[in-house]
């Protein structure tokens, strides 16, 4: 047992030799400090102030598999007693880095990569992603051409009774809606301020499938479509059609029609103002007129808001919401599909 202990304590043992080399490096470092003590309070070389060490040690392997201790130089960067040493990067990391450089150069040569004025370099493989997308769209259109033709030829009122068409409009219409309509009406079709909800039965221009189809085709107040749905609420305040007192009166009357808190005296005075200026579109009882896109003022649905300040702004400034006409932007089959999808959301009549 004694021989075994001596063997482990021998300098010939690799682990023990490494430890001895570490100790020797530490002794050498301590000797450097004693030979050149840093300046500080008290001038005590054995207890100098905290200063960056000039170096550290680490164990490295040589090509023959042996290990040795080497000194690692410091970069000179130190903060709060923490030093940065100039250790070399791991070999695996370096080779990975070099491999990515080679891969990047090969990709630059093989694929479109360098932008030009009217395009980009095509690369040795001649890859063209735009052509790939166009081919995929063409393949999709060819695959769906039969059912799209059937959809266009089928009367609108018969689409829901055909399982194949009903399934197609539910899926294709939803995809079209998310792409072109959700930006205003919301991904769930719940609408937002100034953009009507498509989930309820409150429709400005009508909620039958035929009426929805017409609205999608021609839009609302789209100057580029001659058949667009059009109506315009006067700017009663900006154009001086009503005085501020009259606007306050008619606003309170509108609040009264909607069952909202209001000033009874002003509302009574606003009845005549409403009859003279608003009833031609909204009807004398405030229930609106779909032929003109005039909303019902007696229900709980408010496109822009139901607070007095918002209603005052609407009467004074006059809203002018616009929906684009989708004829020419979407195919006839796509328009039918999205109209049928909107009609099926729950509020269709």
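Here the Cβ of each residue, glycine as well, is placed from N, Cα and C on the backbone.
When secondary structure is read from DSSP and collapsed to three states, residue 233 (heme c 2 binding site) falls in the coil class. Cβ neighbour count for residue 233 (heme c 2 binding site): 18 (other Cβ atoms within 10 Å of its Cβ, all protein chains included). If you look up Swiss-Prot, you'll see 233, 278, 281, 282 marked as heme c 2 binding site.
Swiss-Prot lists 168-258 with the feature domain 'Cytochrome c 1', giving sequence analysis as the kind of evidence. On the 0 to 100 pLDDT scale, the domain 'Cytochrome c 1' (168-258) averages 96 in this prediction.
Positions annotated as domain 'Cytochrome c 2' by Swiss-Prot: 265-346.
Taken from Swiss-Prot, the feature region 'Disordered' covers 1-67.
Residues of the same chain lying 6 or more positions beyond the ends of the transmembrane segment (97-117) and with a Cβ under 8 Å from any Cβ of it are 123-125, 127-129. Here Swiss-Prot flags 97-117 as transmembrane segment, drawing on sequence analysis.
Excluding 233, 278, 281, 282, which define the heme c 2 site, the same chain contributes 277, 279, 280, 292, 294 within 8 Å (Cβ to the Cβ centroid), listed in sequence order. Largest CA to CA distance in the heme c 2 binding set (233, 278, 281, 282): 10 Å, whole number. Taking the binding-site residues 278, 281 in turn, the residue surrounded by the fewest other Cβ atoms inside 10 Å of its Cβ turns out to be 281. Under a cutoff of 8 A between CB atoms, and with a sequence separation of 6+ in the same chain, the neighbours of residue 282 (heme c 2 binding site) are 274, 288, 289, 294, 295, 296, 297.
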